[in-house]
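Remarks on the structure that follows.
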Amino acid sequence: MELPGSQEDVYNPFSTTGLSLSLFNLQESESENKLDAETASDSESKSEFGGSAPVPTSDDTPEVLNRALSNLSSRWKNWWVRGILTLAMITFFFIIIYLGPMVLMTIVMCVQIKCFHEIITIGYNVYHSYDLPWFRTLSWYFLLCVNYFFYGETVTDYFFTLVQREEPLRILSKYHRFISFALYLTGFCMFVLSLVKKHYRLQFYMFGWTHVTLLIVVTQSHLIIHNLFEGMIWFIVPISCVICNDIMAYMFGFFFGRTPLIKLSPKKTWEGFIGGFFATVLFGLLLSYVMSGYRCFTCPVEFNNDTNSFTVDCEPSELFQLQEYNIPLVLQSVVGWKTVRMYPFQIHSIALSTFASLIGPFGGFFASGFKRAFKIKDFANTIPGHGGIMDRFDCQYLMATFVNVYIASFIRGPNPSKLIQQFLTLRPDQQLHIFNTLKAHLVDKGMLGSLEDA
């Protein structure tokens, strides 16, 4: 992706009458010189923005690891550094899961901000070079506006009773979308006022840069939180499948990789891609079987108005109850079983792990193409051996969208508790009307006695 530099409009009004040939040639020469200068400026802009690394990377491996692995080749040193840091990140992941959904949502928010920072920092290199007014300020302002909108929608949806109970929150909830739109319009007007004649095109490029970053980062993190509210299993299993595929594809590629997979990532191999797929599907089945037996993972995350805290206690749905399935005749002779007992969620886990293995990596390929376009190795150097936070979450964002769409298409049904919450906020006459309508419907279905008996 190349962002050309600014170009001023060339305006040479030639009169067709009363001009001598020498005057015409003089104006034509000046026009060509001006155009050449603009072309040079454009090339310089391309060079400054895309020709150098906006985010320089360096070897920031901890000194302890450098000394311990000093005798190894760079290939094996990188393998051990990545392995140790991966184990550390997995341990941290288990800790935040143990701390509960509120901590998980806070971590998602922090990761979102860090990813946004890493992408915007690349664009900031242009701001720094051309002194574009307000670029960084407006980028963070739009991040604030979008988060206010999405998290406000989430609070209204999942904390409905609490919002209705507190008068300030009720007012903010009622006019939430209008306030969000007003905030965005303020930023939009600030951008228009910041336009500089010499840099119109470049400023609009950066305006689009910010909005695409918001679309990729903020929207996807919002979907991750929605998945979390459906039950922690819908949060943990997809993320774990992506992590497993990343690890196993690296392992298979490291030891058996011979055939390049895609030019965008020369180190990716078909052996790693295929080995990661089968390992991830197996891992997804096993992890789903373990987690489906615990209510703390399978129950939706709901807010308890009595205790003012989150609860994950419920009667497990059929999705998380063991059922007996007949094994196809073709496989019965191989495994020696006619039936198998498993959770229905395990079948859904096959779809999740398949997407994480076959489609999820394309999020990483997309990020690789982005980094190659700007000639950078990593988005940042936050994690030694792994790059920035965005380098670790490029596949997770694509996975979050799939899980949210999958739940909405195949899993989620009407939520009785939310319907009751909304029903209780209606006026008494509206509640009575709905009650009579529902009663008449149940009588017609034969589920209640006749209206006369009632």
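Using the three backbone atoms N, Cα and C, a Cβ is placed for every residue, glycine included.
The region 'Disordered' annotation in TrEMBL covers 30-62.
The annotation compositional bias 'Basic and acidic residues' is assigned in TrEMBL to 31-47.
Residues annotated as transmembrane segment in TrEMBL: 134-151 (among others). Under 8 Å from some Cβ of the transmembrane segment (134-151) lie the Cβ atoms of residues 109, 112-113, 116, 120, 123-124, 126-127, 176-177, 179-180, 183-184, 187, 190-191, 194, 203, 206, 210-211, 213-214, 218-219, 222, all in the same chain and six or more residues away from its ends.
Marked as transmembrane segment by TrEMBL: 178-196 (among others).
Under the heading transmembrane segment, TrEMBL lists 203-225 (among others).
When Cβ-Cβ distances below 8 Å are used as the criterion, the transmembrane segment (231-257) is approached by residues 79, 82, 86, 90, 93, 97, 101, 104, 224, 267-277, 279-280, 283-284, 287-288, 291-292, 296-301, 312, 320, 345, 349, 352-353, 356-357, 360-361, 395-396, 399-400, 402-403, 407 of the same chain, each at least six residues removed from its ends. Residues or ranges marked as transmembrane segment in TrEMBL: 231-257 (among others).
TrEMBL lists 269-291 (among others) with the feature transmembrane segment. Through the fold, the transmembrane segment (269-291) approaches residues 233, 236-237, 240-241, 244-246, 248-254, 256-261, 297-298, 342-343, 345-346, 348-350, 352-354, 356-358, 361 of its own chain, all at least 6 residues removed from its boundaries and within a Cβ separation under 8 Å.
What TrEMBL records for 345-367 (among others) is transmembrane segment. Sequence-distant neighbours of the transmembrane segment (345-367) (same chain, 6+ residues past either end, Cβ-Cβ under 8 Å): 233, 237-238, 241-242, 244-245, 249, 262, 264-265, 268, 273, 276-277, 280-281, 283-285, 287-289, 292, 298, 319-320, 379, 390-391, 394-399, 402-403, 406, 410-411.
Tertiary neighbourhood of the transmembrane segment (178-196): same-chain residues 132-134, 138, 141-142, 144-145, 148-149, 152, 172, 203, 207, selected by CB-CB distance under 8 Å and a gap of 6+ residues from either end.
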